[in-house]
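Presented below is the structure to which this report refers.
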């Protein structure tokens, strides 16, 4: 309204990455328009509000972030609680056109992460809104350039009109994160160099780009009226079109703009002359504005009187051109103009555009704020929006005029106090929200009726988990209460709390307490409440008729000191209070009555009428007069059981009430009670006197039973309760006895069992208790009971407090209920109109912006990796003889082509450092080369090569992740030093290669050095050299080397041919293998390195090595050309031995393992098992086991799991100490195996579900019969249970395990003493558990025999799963190793070859692979066959006969299906679908190719069944069968091998993803590359074994618990890493981080540690982690869950099961779990 313009300079941070990315950018950026309409803090986002981790938020386009916030604000402004839309068909259509952030982050290739895809996609903007609000309607991004958001509105209208959605959230967004499009628009002349929009102005020369977001909520008009919504305007019509072929695709078309406007008017049947205002697109371009005005004039200006123009305007000069968001912004401006009846003035307008004939146009620019003409019977406006690609859109809106009498629908709220609600997803938000609302109420809020404000907050806003509710009666009250909340001060009527946990029942138990709540004025104020009065008035008449006393009069006068009157008024008050609670929207879901309170409880539960309740209490009170003054009661702080034992059989003093586990009420004769009180006090036991002179619930009242039976004999007709009703008069609180006369005599004389009733409610899940009374009587007792049960998350709330305002305190109790998550029908309490204009959510923003780590590196600034040096930018130091080369080194710039790991970390080979020195100095001799510290590439580092006179050295420092870090933050390390000389004077004699070969005599294997290095842990070479001849004797060797065998003939090398590094790397490597004892050695010092030629090094040469060891391993290595001339030489190259670390180095020795079964370690404390439930369909085998169960252990037998379940339902006791033993039956033939295996596994799954879902305290064991031997069909059929058991142990770690025995002897000892195992094998009567170990040397395949597992050119090789990724890679490997005929079996057929070129794109990689195989000389046959089909063996045999190929010599079974499901969610169909290809498929192959008919039979299994990957029960079971089938065939002499693979990086069903990598890491292992996998195959080929486990172990800190015990023997420990106290179960003595042993201190400690782990994973502050919030709501996704498990395990030194965060979804839950584990 003030003609303000928001144009300004672009924030500096926006373009900063582009300055760094390329030096040329600076020049371009200096020419790019830097002014526009920018948000000051685009990077700010409240990620916590939406449960998005900062890590994920950083990967989200800011457009997604601000759209989320704006959409939320729009819903709040519309009075539509977002959570109420969950699961609805609500649509989201969002205009979006900018992908600046996407370009920014996705062009930073080394740092791309998984969530960046959806995080930067256009669709991610509406989809993110739909996802976070759980909306199920259409969710679409609309890209129509600058028309996008008005088109989105059009789509929203259509979705509602077509019935797709009832509500649509529509809008648009624009964010300018990069300079690219601005540069484009600069060159196109579309934007103004001054960064302003000057719509309609004569000086308009382009627009100023703007950013922001707009959201609009759409509803069908009739629905909005019915829902009592605030309707801002009505969309009468909208239209979208294209402007066709114009002078250019970006040129506007007036005719098209005119037609789309006419279409929109026609949709709404609107006369254009009734439209008073048009919000124009008005991009301020010389061509665009006149064109658009001509179109507007043609539609809206024709027929207009000059005094009655159509006004036009545009919001762009105020906020800029928001491009994709522009239409929505214009729509909002037009809507507000209609609503307020004022036309806003145009900004940045000095002189009207002279190219437009304004006098004839019939339209007029609004130059000053103008009141909407009153001549308009209804205000109407139109909005134009056009895209530069030709999209034209138009909408017509009008004023909403309420229907006559509509206001009468708005019921006015009652006067008096009400409840003001606030909430937030985190506790810290409440004070911020409170202060925001307080300021509003102090100013604008004064213009609103307070009840409408309360209604808005209660019924039109979302209620988050952290809540505050305050009872207020005026604006001043509200201000005071909000100020207290904002400042954290106490206020008697401000309730705060967190909703009970997500898995906790929120239903409320109303507890009606007994005698003792009375106080003088307890009902006086409530009598003014019409609801209260109406509820008790009929009862007042009844009581008067019975005893001549008026309860209402007694409440008014306070005359009710006697016990009989108190009894009556207790009932009356409870009935009245109940009515008031219900009128305020609070209802009970369960009820407990205590003493006389049971009467009102029964009435409210529907078991009695109010009149019946009044008769009971009145007539019983009359009888009480007979015993008044004779008795007494005291509350004693001792358990009822103890007091009862002390009292013995006394009748004059008894336990009358079991109040809580630690207190009770004693009743009896007056004097006896007084004496007892004194006695208890003398013992130091606290007692409290109950204000009564009657010994309720004691034998004193036995004399009243018959009179009471007589008094009520004909007057009660009890009903079945309609609300869950717990009894305190019956021994069983769940007893459903009718509340008849006998019940009430029992209620009078029997003990009150409050503790039992409360515990029964707790057992049924109730955690919220509301005491309905005039003052809390049992609240404390209920609290004690709940705390005694170990509960922490619960609420016990009183309704009234003595001497406190009753009306407000009932509301305060409701406020407290709401804060704990109880359901309150606020519309019942606040039925009136709601207010608009209340503040929306106050965002707690934090800057979140992706730091662009890498930038393209340019010549001269870094080293040339093809030259194999670290020589980067050369800097001469003025006035010195010093030259410095600087560069950056990381994985992308390593100066060697291969891999050179040491202990799992890539390092620059020594040859690369020497090459660097030679090239950097220009010298040909190095002396005293000292290799101090390897140059590691594990993290980016800055490297300097310093040449200072005759010295040279290499130094580096790590590059800090912190932008503010200075060079001093990371000290420089010196890696290598040397002295250099330019010329060599001495000559060197050639070496007679033939003579040396003859002298040595013995030619050894060409791969001797490679195998030697592989054996000691060197997994790969930095350069691809190969030895082609090798001779060795004693301390000499000579070897012919080819630095790149893949390059043949005259083809150029793939690097700079002048580099000496490749051949010198061969020299240092071969030179370390001359020593007799293999060890991992590195060059440490070299006396001299000489280069004797100025020519390039030879591609093929010879290495002459001499062992020159003295104190240390030392060698001389001469590099010869083919003529024997010495071209280079290492003199006295000394090596230092490095401690090997298998598993980290990556050698084949460390990648390939076998499964061993060493004896298990027994536990010190045995598991208690006194009862065994045997389950088996094989009665004979079950009887064998049963006969060996030791005496003293009970046993029961069941024919199936279903039999056990049915017996349980009929009353079988299943206590702690009971174990279920499932015994799969025997199988006689191979044909029975598939059905039997499926039956066995499914029975076990049913057993697990039965135990876990039922929460039964049982252990479960699976007892198999010698599966480990693989000898029999029984062993094969039971084998899948091995894999299944490991998955069960992973998902439910405390359940039990599988025990495999050679004989059917019941393994009770193993059950009791071998704890924490998943599979136990009993061999030679010794219990054993699995461990991974190195392959046994005694199993090496004799070198004299043909190699195993490799193809021969004359054979045929068959691969199942042949068209899968692994199948095709296997085919490639076999062809690479000589196979020439392949049969690829797949369930899918390929199209005819003639159609391959036209095949779908997703099939082309497969076809290309096959063509490649054929181009290399292989014949490939595709056999479409389901190998798991029952007839597969026959079909395969027939197909082989038809093909008439040479014999099949090798089979690879790589077929498989993966369908991950947690055990509790597994279905039989899904389980079988995965199991069949593994079992039936393997058996079909076994039948077609019996043992000893092939060269090899290779089965692709998985290490997942050894490590227990959660969700892979079916997959693990199937792979366990393959493992045993390999054993079975091997026992028969067959070359069968099962390979238990880890994940192949980027390939197959286990293709490495962020989630799979995290899951592997959580188990302590990692994936392998394709080359490593086939290297493992070749390594396995050297051994005669039936299985190999291929994986790489991670390194663990000393003292860190292993995630799985199977790694015990191969795990690598980082020695010396652990600090004092890091050993499991210990802490540094007296250290600051010592773990408390138990109690509250332990829980505080664990809460801090666990929140720290969560914060680390989420990349947020620990203070922002809410202990009671669901981890998923904090932003922990499936990938982060795995990372979190490892963090917890490392921090707390406790093994963490894979499903822990699923079953314990909050930090508080985790604290409880870890407290139990750490406590042990």
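The backbone N, Cα and C atoms fix where each Cβ goes, glycine too.
Swiss-Prot lists region 'Disordered' at one of the ranges 1-31, 32-62, namely 1-31. Look at the active-site residues 281, 321, 900 and count other Cβ atoms within 10 Å of each Cβ; 900 has the fewest. Using a 10 Å Cα-Cα cut-off around residue 281 (active site, for beta-ketoacyl synthase activity), the active-site residues 321, 900, 1065 reduce to 321. Counting Cβ pairs under 8 Å to the region 'C-terminal hotdog fold' (1001-1144), the top-ranked stretch among 1-31, 509-823, 868-987 is 868-987. Broken down with DSSP, the region 'N-terminal hotdog fold' (868-987) shows 18 helix, 50 strand, 52 coil. In the three-state DSSP scheme, residue 1065 (active site, proton donor) is classed as helix. Among the active-site residues 321, 900, 1065, the ones whose Cα sits within 10 Å of the Cα of residue 146 (active site, for beta-ketoacyl synthase activity) are 321. Just so you know, the Cβ of residue 146 (active site, for beta-ketoacyl synthase activity) picks up 27 other Cβ atoms within 10 Å once every protein chain is counted. Each residue contributes its Cα atom, and for residue 900 (active site, proton acceptor) and residue 1065 (active site, proton donor) these two points are 11 Å apart. In this structure, residue 146 (active site, for beta-ketoacyl synthase activity) is part of a beta strand by DSSP. Between residue 1065 (active site, proton donor) and residue 321 (active site, for beta-ketoacyl synthase activity), the C-alpha separation comes to 61 Å.
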